[in-house]
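Accompanying notes for the structure given below.
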Amino acid sequence: MSRRRAIQPSPALRIGPIELASPVVLAPMAGVTNVAFRALCRQLEQSKVGTVSGLYVCEMVTARALIERHPVTMHMTTFSADESPRSLQLYTVDPDTTYAAARMIAGEGLADHIDMNFGCPVPKVTKRGGGAALPFKRRLFGQIVAAAVRATEGTDIPVTVKFRIGIDDAHHTHLDAGRIAEAEGAAAVALHARTAAQRYSGTADWEQIARLKQHVRTIPVLGNGDIYDAGDALAMMSTTGCDGVVIGRGCLGRPWLFAELSAAFTGSPAPTPPTLGEVADIIRRHGTLLAAHFGEDKGMRDIRKHIAWYLHGFPAGSALRRALAMVKTFDELDCLLDRLDGTVPFPDSATGARGRQGSPARVALPDGWLTDPDDCRVPEGADAMGSGG
């Protein structure tokens, strides 16, 4: 399937009552899409193209930890005062816990949108039957989606579901998952076009997004995988017919990508890529936001991984990179960034894949997991394993 074909600017995306000016969603990413990163993405979109047009999703929290009101989890659900719509992703394996968490979100006004994660390929999650392993148990999957939808009845909070193609090439689940989610009242579905066995390696199979779009007719289908620039997003929508795109690793170290996407989808002029000096200022702003959220010590520890992504493809020198990777205070960060050559233009080598990729691997599953897809027993220990955020 060709990935480069011009299309006209896309219309807005509607997810339940939520209407977006561009069909773009920030994928929830653990340790990344906290309130600081989301605020930075929105601020850059506003400053560069004058819009805040997409949906920016909070990093995943576990349903069990949420209803237990674990302090770390509650802190993870922080939203900016001007953030709208507020979008929260739940990791969940139990219909009862799902219902309680969704009722809590709705009753306490914690968010305006609930997404559910059935796409995590991490072995410690799948070996207990959670994440990307769970949609194989189609009855249990349906009960979980139905519980969240039932808990939000009478509110304006839409429930959406994100999943992968399946466990591996021999066990595709995405068409059943899409059909079930649609039937149980989900407002949209999103497909990461890789199997759990692929993890983040190889190439996303956009053909499976097209198949899901043909299979799910009454709600939006969003595509995720291998979108690193606006051209990729336009190509995915053109070639698959999907209704929107979900941006994950492509925005790591490039939070201005959402401004570029907004411009592409609205037909506006593309913003000029930042120079190294402008990237340094963005890092400073990111560090300020992280320090406000976590405190300076943790905020500076958190910014370290982002700096490696920000400087990808730029000339910085190994000594300066090492110093930035150990930064402890904002003043130190500020001084080190002053040593960069601010006149360096954005290099072509700074685009493309970034973040974790790894290699494909056999998916860790509970014993006997693949025996009966209609077994609706809650996997033992999977709900509690993530308690604490």
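Glycine too: its Cβ is placed from the backbone N, Cα and C atoms.
According to Swiss-Prot, the features are:
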{"type": "BINDING", "residues": "P28, M29, A30, Q89, K162, N224, G225, D226, G248, R249", "note": "FMN binding site"}
{"type": "ACT_SITE", "residues": "C120", "note": "active site, proton donor"}
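If you take the Cα of K162 (FMN binding site) and the Cα of the residue listed as 'active site, proton donor', they are about 9 angstrom apart, rounded to a whole number. Spanning the listed FMN site, residues P28, M29, A30, Q89, K162, N224, G225, D226, G248, R249 have a farthest Cα to Cα distance of 21 Å. When the alpha carbons of P28 (FMN binding site) and the residue listed as 'active site, proton donor' are compared, the span between them is 11 angstrom.
Cα-Cα distance from G225 (FMN binding site) to C120 (active site, proton donor): 14 Å (rounded to the nearest whole number). Calculated from their C-alpha atoms, the gap between G248 (FMN binding site) and C120 (active site, proton donor) amounts to 13 Å. Considering only the binding-site residues P28, G225, G248, the Cβ with the fewest other Cβ atoms within 10 Å is that of G248. Note: A30 (FMN binding site) has non-local neighbours E59, M60, i.e. same-chain residues 6+ apart with C-beta under 8 A of its own C-beta. Most other Cβ atoms within 10 A: among the recorded positions C120, K162, that distinction falls to K162. According to DSSP, the residue listed as 'active site, proton donor' is assigned to coil rather than to any helix or strand.
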